[in-house]
Amino acid sequence: MTAAVFFGCAFIAFGPALALYVFTIATDPLRVIFLIAGAFFWLVSLLLSSVFWFLVRVITDNRDGPVQNYLLIFGVLLSVCIQELFRLAYYKLLKKASEGLKSINPEETAPSMRLLAYVSGLGFGIMSGVFSFVNTLSNSLGPGTVGIHGDSPQFFLNSAFMTLVVIMLHVFWGVVFFDGCEKNKWYTLLTVLLTHLVVSTQTFLSPYYEVNLVTAYIIMVLMGIWAFYVAGGSCRSLKLCLLCQDKDFLLYNQRSR
C-alpha cells in the first residue's frame, strides 16, 4: 500500500512536468541547458532565503510561541519576493545573452524569449516541487500511519496535487513575467508576485485542504489562460492543436522576437 501511495503521488506531482520535459525540451540540448540554469537560479534564491531565515532565528534567539509564527510568515513572504527577484535576474541574463549572440553572429537565430520563459519557468517549477515534496513523498513509504494524530488521511494526496499546481504555476508565471518585462508592463510583474504570495500563504491554512486546492487551481487556470494568449495562442490555434492539425504550435518553431 505504501508503494502505491508513493508512486501514485509521485506521478501526480511530477508526471505533467516530466511529460513537458520529454516532449518539448529533452530533444533540444540548448533548452536543457536553459532549464538547468533556471533550476539553478531557483536554488540560489532558496539558499539566500535560508541565510536570511537563519540570521533572523539567531537574532531572535530561537524564541518559541507567537514570535516563531510571525517569523514563519515573514520567511515565506521573503522567500517569494527573492524568487521573483531571481526570475527577473534570469530574464536580464537571458536578454543580455540573446543580444550578445545577435551582435556576434547576426545570421544566427536566437531562441525566442517566449520559449526561454517557458523553459526557465519549468526549471523553476521542477526544482520548487522537488524541494517542497520529496521529503513528504519519502515518508509515504513508511513506517507510520497518516492521520494517527487527527491529521487528514489524504495528506499525501493533497500535497501531491498542491505540488502539481505550484509546478504548473511557475511555468505560467515565467511566461507572463517575461512578457511583462519585454513590454515594460510592470503591473504584470506585480500580478505574478501577488498571485505567488497568495498561493504560498495558503499553506498556513493547511488543515483546510479544500480551500487551498480550489483557490490554487482557480489561480492556475486563470494564469494558464493568460500565459496561453501571451505566448501567441488563440482559439483557432488551440482548436488546430487539439485536432493535431498545427505542426507549428507555439513552442516548436517560435521565431525570435
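Placed from the backbone N, Cα and C atoms, the Cβ positions cover glycine too.
Taken straight from Swiss-Prot:
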type: TRANSMEM; residues: 5-25; note: transmembrane segment
type: TRANSMEM; residues: 32-52; note: transmembrane segment
type: TRANSMEM; residues: 66-86; note: transmembrane segment
type: TRANSMEM; residues: 115-135; note: transmembrane segment
type: TRANSMEM; residues: 160-180; note: transmembrane segment
type: TRANSMEM; residues: 186-206; note: transmembrane segment
type: TRANSMEM; residues: 213-233; note: transmembrane segment
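Under 8 Å from some Cβ of the transmembrane segment (115-135) lie the Cβ atoms of residues 13-14, 17, 20-21, 24-25, 31, 34-43, 46, 83, 87, 90-91, 94, 98, 159-160, 163-164, 166-175, 177-179, 231, 251, 254, all in the same chain and six or more residues away from its ends.
With a cut-off of 8 Å between Cβ atoms, the residues of this chain six or more beyond the transmembrane segment (186-206) that come close are 73, 76-77, 79-81, 83-84, 88, 165-166, 169, 173, 176-177, 179-180, 212, 215-216, 219, 223. Residues 21, 25-26, 75, 78-79, 82-83, 85-87, 89-90, 94, 111, 116, 119-124, 126-128, 131, 174 of the same chain sit 6 or more residues outside the transmembrane segment (32-52) yet have a Cβ under 8 Å from a Cβ within it.
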